[in-house]
């Protein structure tokens, strides 16, 4: 048995080596037939000795049973998108913004890569073995596609080499090469199956197959470009060196990567890739530019849902002329009011375009656009059509000025536009039909009202069936009504009803956060709760009173005032408090700037399990004593409070030499 086990392991090592040469190095040493012979030999031995089969064996890429549905995966570190630039002037502006923020007068060292047109995925390796794969999803929550990812030959089931971290999350793009895409569509036409519009759709559809045997037949490829979770190990201090390290571990990395030391080199690389684009063999839609130094990346940080240290330098899109027949106003899921031009249909980049975004009122004014104008349409990033110019010399005499509405076209609430902000927004967040699903998802989320079992698909059904229109309606649901939803039995329905009842007892800070007031995150909600103590006092506060609160500036103050003066929102809040009975323990009113405590002015991170206080209670007490409680450890963190089973945050704190105390010490300091 020992010699058989050794023979099996030798075959696995040999096969992994040849997979690496084929997929990563693009330099196979043996014919496909010899690889197939070795694989068959391993399969035969594993059939004889099934007790010797391991999950990372090359034979185990396929074999999982079809799924009923994909389970949700919450990304421990969000998978953010990138901001875009579309021309040299915009890129130089990005370069200047970065240098200004870093107070650098010289050009920065950056790493340029291809922007692949595929599907972003997360690969989690533990002790070198692939244990989970997930889609990007909305950046916070994706889908578990482990069984499908295992079928892609380019993705190693086990990393090899030296210095592999105990836990590392590799991020990259799954895509379908053009030859494989064409062959797939040829076969689809022959059999009468669905024909895919483009390689990206084909890749996405292939990864979302419930049966991994179907995915295994699709010609998918993969390149990695970054890392998320990193525990129990170290990586090089530059992005480029990290890519080299990934390749050493057996992960495929594009060979179209260049380190540039000035902005002109970046622009030259961009034009080189534009010229090579058609010969690459797979779709790309631009070049990604990243600050090479990880230290500088950390200093630059993030804005909204994108890093400040990277941008996507997109390719120019094809343009066409057409006529604007009308302008309508759409309401997005976050309340953004977007003007949309209704166009005389025209073909752009092979697609018939009849609508185009106008972004906002400023853009309409900048363009000088009127209804009836002849305009130039571009498919920005090859995806979203937009108006980029107006041919005023073709303007008809009966053209009409575009009038921006004062009230939401969906719910009738006031439209808010803060000075200095381009986007106008509906203020009826708690009642607006266009925002309903997003508002309800946020309201029941773990960090808000924390309604266990109330997932995204349940919210979708409740809204689609018109069972729920406002957050208060959730608490009026019965087990009988919930049982009528898909995949909701009597026991599950009762559990949701019980969870809703439990959620009525909350904290002032959680309730404020759950309302979804623009720019009011967890920390700001906690500061508002600690400062005002009572909901009525907060509702009646003016901008000047709000600006006295820690971390509340003019913009946030305006959002809060506008939210609470909107009559529709007032009705829903009164309903939640007076009729539903949402309640919380009285809050001790504090003024953080006047407090003399060990935590005053400190940025604090909580990690691990606490036993004497709940996490909410600990946060509230810390905020009340002037602390700013955040969710991640960085160089700006002043103190980490580590409970039981603290993990990566504690490790990072130790790495950065940030002071760490335990729960007992926190309790002692809270009493001072």
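Note: Cβ is positioned from N, Cα and C throughout, glycine not excepted.
The model shown is predicted, which means the values in this text are computed figures rather than measured ones.
Listed in sequence order, 79, 119, 120, 121, 122, 142 are the same-chain residues at least 6 apart in sequence whose CB falls under 8 Å from the CB of residue 136 (NAD(+) binding site). Summarising the annotation, Swiss-Prot assigns NAD(+) binding site to 32, 33, 34, 35, 36, 81, 82, 113, 136, 173, 290, 314 and lists sequence analysis as the type of evidence.
Swiss-Prot lists 115 with the feature active site, N6-AMP-lysine intermediate. Around residue 115 (active site, N6-AMP-lysine intermediate), a 10 Å sphere centred on its CB holds 23 further CB atoms from the protein chains shown.
Under DSSP, residue 411 (Zn(2+) binding site) is assigned to coil, being neither helix nor strand in the three-state scheme. If you look up Swiss-Prot, you'll see 408, 411, 426, 432 marked as Zn(2+) binding site.
Per Swiss-Prot, the feature domain 'BRCT' maps to 594-672; the stated evidence is sequence analysis.
Comparing C-alpha positions, residue 426 (Zn(2+) binding site) sits nearest to 82 among the recorded positions 36, 82, 115, 290. The binding-site residues examined here are 82, 426; by Cβ neighbour count within 10 Å, the least packed of them is 82.
Each residue contributes its Cα atom, and for residue 411 (Zn(2+) binding site) and residue 36 (NAD(+) binding site) those atoms are 63 Å apart. A helical conformation is recorded for residue 34 (NAD(+) binding site) in the three-state DSSP classification.
Residue 34 (NAD(+) binding site) sits 35 Å from residue 115 (active site, N6-AMP-lysine intermediate), counting Cα to Cα. Non-local contacts of residue 432 (Zn(2+) binding site) by the CB criterion (under 8 A, 6+ apart in sequence, same chain) comprise 331, 335, 408, 410, 411, 413, 426, 439.
The number of other Cβ atoms within 10 Å of the Cβ belonging to residue 34 (NAD(+) binding site), over all protein chains shown, comes to 12. Within the model, the domain 'BRCT' (594-672) shows a mean pLDDT value of 83, rounded to a whole number.
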